[in-house]
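Reviewing the structure listed below.
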Amino acid sequence: MQIFVKTLTGKTITLEVEPSDTIENVKAKIQDKEGIPPDQQRLIFAGKQLEDGRTLSDYNIQKESTLHLVLRLRGGAKKRKKKNYSTPKKIKHKKKKVKLAVLRFYKVDENGKIHRLRRECTGEQCGAGVFMAVMEDRHYCGKCHSTMVFKDDDRP
């Protein structure tokens, strides 16, 4: 029976084969016609690569079927050189977790009454949780830049 082999260049080769011929035999016939070594050939039929040990009938290749010939690629990507660093890697900063850190903002007197050591900002954009810095004669918010001046009886 006659089959066709289409190469990458678009050239079509006709081969006389039998259904019992192996893929190796077909590759040998292609080598005779084109001069391409069988170890570099890959034959594809119906989207599947044909394995050397099997026959044409295993793949249901009938008369006037077309096989596609592609060449096997050797090797892989270009190897990259490993970078050599002259200085050791920087150690990342680890944040230290302080247990009960919120206690810095409050003081408990001998009667058990809780006093806030810092004042929360009353600005519109700050809200609860933003504390003001204690200066000598005032409280100052670093976020919204508002300032509250102490009265004589209001000093901490």
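From the backbone N, Cα and C atoms, a Cβ is placed for every residue, glycine too.
So that you can see what the record holds, here are the features copied from Swiss-Prot:
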type: DOMAIN; residues: 1-76; note: domain 'Ubiquitin-like'
type: CROSSLNK; residues: Lys48; note: ubiquitin cross-link
type: SITE; residues: Arg54; note: site 'Interacts with activating enzyme'
type: SITE; residues: His68; note: site 'Essential for function'
type: SITE; residues: Arg72; note: site 'Interacts with activating enzyme'
type: ZN_FING; residues: 121-144; note: zinc finger
Counts of helix, strand and coil residues, the zinc finger (121-144), according to DSSP: 0 helix, 6 strand, 18 coil
Sparsest Cβ surroundings (other CB atoms within 10 Å) among the recorded positions Lys48, Arg54, His68: Lys48
Inter-residue Cα distance where the pair is Arg54 (site 'Interacts with activating enzyme') and Arg72 (site 'Interacts with activating enzyme'), in Å: 19
Integer Å distance between the CA atoms belonging to the residue listed as 'ubiquitin cross-link' and Arg54 (site 'Interacts with activating enzyme'): 13
Counts by DSSP class (helix H/G/I, strand E/B, coil) across the domain 'Ubiquitin-like' (1-76): 18 helix, 25 strand, 33 coil
Rounded to the nearest Å - Cα separation of Lys48 (ubiquitin cross-link) and His68 (site 'Essential for function'): 10
